[in-house]
Amino acid sequence: DLWQFGQMILKETGKLPFPYYTYGGCYCGVGGRRGLGTKDDRCCYVHDCCYKKLTGCPKTDDRYSYSWLDLTIVCGEDDPCKELCECDKAIAVCFRENLGTYNKKYRYHLKPCKKADKPC
């Protein structure tokens, strides 16, 4: 669910998901559109694709089980929403790995976005 997702982002990056990642670029936030080309936006594009491939969890706002082990997110092994958890984990880690490239000028990006990336 969004709260769990936000907690993963906060713990991995030290940044609150809002406003840092909610409106950044063209794929981040609700209803991502087309690629801006930033690394954070690429993380969001991959996350959107991950959600499209989910099979075990009916809705992307369902709760899942996870824990932290040695500073690593561990998704619940027997959880029917494990795939959803793995998608959220992947983007939180991607944001952390790209912290040095975060550019707040794209935080409230209102200009038209570039041509869409290849389909998932």
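Cβ atoms here come from the backbone N, Cα and C positions, even for glycine.
Given the structure is predicted, the values throughout are model-derived calculations rather than measurements.
Residues or ranges marked as site 'Putative membrane-disrupting site (MDiS)' by Swiss-Prot: TRP3, LEU10, LYS15, LEU16. The disulfide bond annotation in Swiss-Prot covers CYS26-CYS113, CYS28-CYS44, CYS43-CYS94, CYS49-CYS120, CYS50-CYS87, CYS57-CYS81, CYS75-CYS85 and rests on experimental evidence. As annotated by Swiss-Prot, site 'Putative cationic membrane-docking site (MDoS)' applies to ARG63, with the evidence given as similarity to another entry. Summarising the annotation, Swiss-Prot assigns site 'Important residue of the cationic membrane-docking site (MDoS)' to LYS104, ARG107. Per Swiss-Prot, the feature region 'Important for membrane-damaging activities in eukaryotes and bacteria' maps to 104-115. Look at Swiss-Prot and you will find LEU110 tagged as site 'Hydrophobic membrane-disruption site (MDiS)', backed by similarity to another entry. Under the heading site 'Cationic membrane-docking site (MDoS)', Swiss-Prot lists LYS111.
Shown on the structure are the features that Swiss-Prot records.
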| residue | record | CB count, 10 Å |
| --- | --- | --- |
| TRP3 | site 'Putative membrane-disrupting site (MDiS)' | 10 |
| LEU10 | site 'Putative membrane-disrupting site (MDiS)' | 14 |
| LYS15 | site 'Putative membrane-disrupting site (MDiS)' | 15 |
| CYS26 | disulfide bond | 23 |
| CYS28 | disulfide bond | 26 |
| CYS44 | disulfide bond | 23 |
| CYS50 | disulfide bond | 19 |
| CYS85 | disulfide bond | 23 |
| CYS94 | disulfide bond | 18 |
| CYS120 | disulfide bond | 11 |
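For the recorded site, CYS75 (disulfide bond), the DSSP three-state label reads strand.
Under the three-state DSSP scheme, CYS49 (disulfide bond) falls in the helix class. Per-site Cβ counts within 10 Å over the recorded positions LEU16, CYS57, CYS75, CYS81 peak at CYS81. Spatially, by CA atoms, the recorded positions LEU10, CYS44, CYS50, CYS75, CYS85 include one closest to ARG63 (site 'Putative cationic membrane-docking site (MDoS)'), and that is CYS85.
Taking the C-alpha atom of CYS26 (disulfide bond) as reference, the shortest distance to any of the recorded positions LYS15, CYS44, CYS50 belongs to CYS44. CYS49 (disulfide bond) sits 9 Å from CYS87 (disulfide bond), taking the CA atoms of both as reference points.
Of the recorded residues, CYS75 (disulfide bond) and CYS50 (disulfide bond) place their C-alpha atoms 15 Å from one another. Here the candidates are the recorded positions LYS15, CYS28, CYS50, CYS81. The one whose C-alpha lies nearest to that of CYS43 (disulfide bond) is CYS28. For the disulfide-bonded residues CYS81, CYS85, CYS94, a Cα to Cα distance of within 10 angstroms from CYS44 (disulfide bond) holds for CYS94. Annotated pair CYS81 (disulfide bond) and CYS94 (disulfide bond), C-alpha to C-alpha distance, rounded: 20 Å.
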